[in-house]
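I have placed the structure first, in the form of structure tokens, so that the comments after it can refer back to it.
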Amino acid sequence: MEKTTLPTTAINLLQFLLPLITSLSPTYTNVIHLGCSNRCGGVAVPYPFAIGDPKCAFSDAFLLNCSSSTTSSSAAAPPQLLLGNIPVTNISVEEGTFSVVFPAAYSCYGRTGSPMKDSRVRRPHVNLGSRRPFRFSDVHNKLTAFGCGAQALITNEDGGSGCVSVCGTASSLPVVCPGIGCCQSPIPQGLKTIEFATSSTSNHSGRVSGSSNPCSYAYLADDRFSDFGGVNLAEFPERNPGNSIAAIEWVVEEKTCEAAMWNSSTFPCRKDSDCVYSKNGNGYRCSCKPGFRGNPYFGCQDINECAEPEKYPCRGRCKNTQGSYSCSCPFWMRGDGKDSCQSLLSVKDTIAGNENGEMLLEHQRVRIFKESELSKATKNYDASHFLGKGGFGHVYKGILPDNTLVAIKKPNGSLDQAQTINQEFQHEIAIVSQVNHINVVKVLGLCLETKLPLLVYEFIPNGTLFDHIHRQRSSIMSTWQNRLRIAAEIAQALDYLHSLANPPIIHGDIKSTNILLDEGFRAKVADFGASVLIYPDQKPYAGNLARTGETVNLIQYFLTSTENMNLGRIINFAVVREAEMDEIEAFAEVARRCLSFSGRKRPTMNEVAEELGRLRKLNECSCGGESCMSPLTGISEGRVGTTEEQPPASIGTLDMESYEIGR
């Protein structure tokens, strides 16, 4: 019987198998404590394993050795990672396995059926140790025997299993495994000790010299890396036929998850990981939750699936979420973007158009422009037509043949960014193509001929609200009446998006730079790049704060001013009548409620729009208008009452009470 010492001069299968093994080297789990060695001879050693130092391992059971050996010529060999005296070639935290070099069993016979005088029978015996939570993998390992009439038997204290191979007369042909000259057998579960041997059904008696191999061979081998098919028995070495790669499964502790969790200070599974049971005996190990990866004994990290499209397909707009990702199809398509998207239009409808390149997409009211049209409209995107830039790209003023003024969004990314930009384009067009409101910038069409898509909007001539507030001495912002009107128009747009659009739309990035003023200084909400559609069966939506470079806490500044009854210090325009100050205070109360920490305490945008509309009518009345209203009632006392002039919307709306953002 041969123990676990392995021959270092074996002519073995490792030259074929090691390249496959190294491809499994863990990419995300090489995490160790500071000061602990994490590599030996090119093999990564992730926690809970460690080399030599007990403080670096989860327990002594996971301590490995890193030792150098010498050949017969005394030349130094690379360091070798060892479990006892068994070489370890790979450790996987994700799979809970490690790979070891395992010796082959063999026996050779003469023509009379007697063992060869210069040969011996090798019967490997390996004991992983009762105190180590390791077992031979019954999933990956198979007992493989090959040779003519070879039989292999694997045994332990509870019994054994095996197989017999058969050859035809042409025994020098390549073997087929399992099949001609080769057989395979699974191994039992829960094995910590293993012994296997091989023999011949006929001891190769009657063999003609040179006609076939006089030996029988047996390997315990990981079937992911072992391919014995095509081996020519006549050419296979009779001595030291080599080694194989076997898989060992490990658990952290041989106890239940419940028992391990009882002591939270020693429970090894960290953030975003699960305790999972072994299917090969008692015990548990830690595994990252779906959508996460890393070393679960240190904490798993979210996978950005959108950055790895080869692993996580998305044929639409990809959005990473914690532990997962979403993939929505373009607006002109339907289906699950992770699988496939089906066009709502036929190919003919998509590419067809009249001689001017115009086409109206059915149900979308979106015109398809030719690239040449837009290039001509902007004088090939001349600097004189440049209007500004945003997150999507540059915006140019265009003049169509009928003298219609348009604004053309031209992506500023490279072709390498085409997929991301196309996804952003698809998302924005899906939103804006459904919107039709006087206070929302209207999309007129798009261009699909370019690598990076173009969006065409109505032209809004008087710039952004930000410009009029900060960068200009704007006369339009010098009166409370105009400020109130602009605020009311923005509220009407948001009320439409939240309540009347189908499905409702959360803009997600309302700020002064995204409010445009048209030729009559009417407010127009723009930039739907951060918007989302809210479907009736969707879970409550809570978004992140939109991108901004501001560092001043305007919210706290405003709340402090209202609490101290000192609104005057934040008003930068002239209040011409006492009645206006009453309106400003009522307006501030609406704003204060909109800033409530609890979403349920905030007014809906419908309530806000009604209250600001009422304030506008009151302002017109105080300025000498014909229609006067009742005294201020205040939105803080409940839903604002409606008047005959402003009946409540009768169209069915989606209840937005549960949404923290976009009420």
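Backbone N, Cα and C atoms are what each Cβ position is placed from, and that goes for glycine too.
Those TrEMBL annotations? Automatic predictions, nothing curated.
Per TrEMBL, these features apply:
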| type | residues | note |
| --- | --- | --- |
| BINDING | Lys410 | ATP binding site |
| DISULFID | Cys269-Cys286 | disulfide bond |
| DOMAIN | 253-301 | domain 'EGF-like' |
| DOMAIN | 302-342 | domain 'EGF-like' |
| DOMAIN | 381-663 | domain 'Protein kinase' |
| SIGNAL | 1-23 | signal peptide |
### Summary
As a whole number of Å, the Cα atom of Cys269 (disulfide bond) is distant from the Cα atom of the residue listed as 'ATP binding site' by 49
## Note on the structure
For Lys410 (ATP binding site), the number of neighbouring Cβ atoms whose distance to its own Cβ is within 10 Å equals 20
### Query
Within the chain of Cys286 (disulfide bond), which residues six or more apart in sequence place their C-beta under 8 angstroms from its C-beta?
Val252, Pro268, Cys269, Arg270, Ser273, Asp274, Cys275, Val276, Pro296, Tyr297
### Query
Including all protein chains shown, what's the count of other C-beta atoms within 10 A of the C-beta of Cys269 (disulfide bond)?
22
### Query
Per DSSP, to which secondary structure element type does Cys269 (disulfide bond) belong, with helix, strand and coil as the options?
coil
### Query
Which residue counts does DSSP give the domain 'EGF-like' (253-301) for helix, strand and coil?
5 helix, 14 strand, 30 coil
### Query
Mean pLDDT over the domain 'EGF-like' (253-301): what is the value?
93
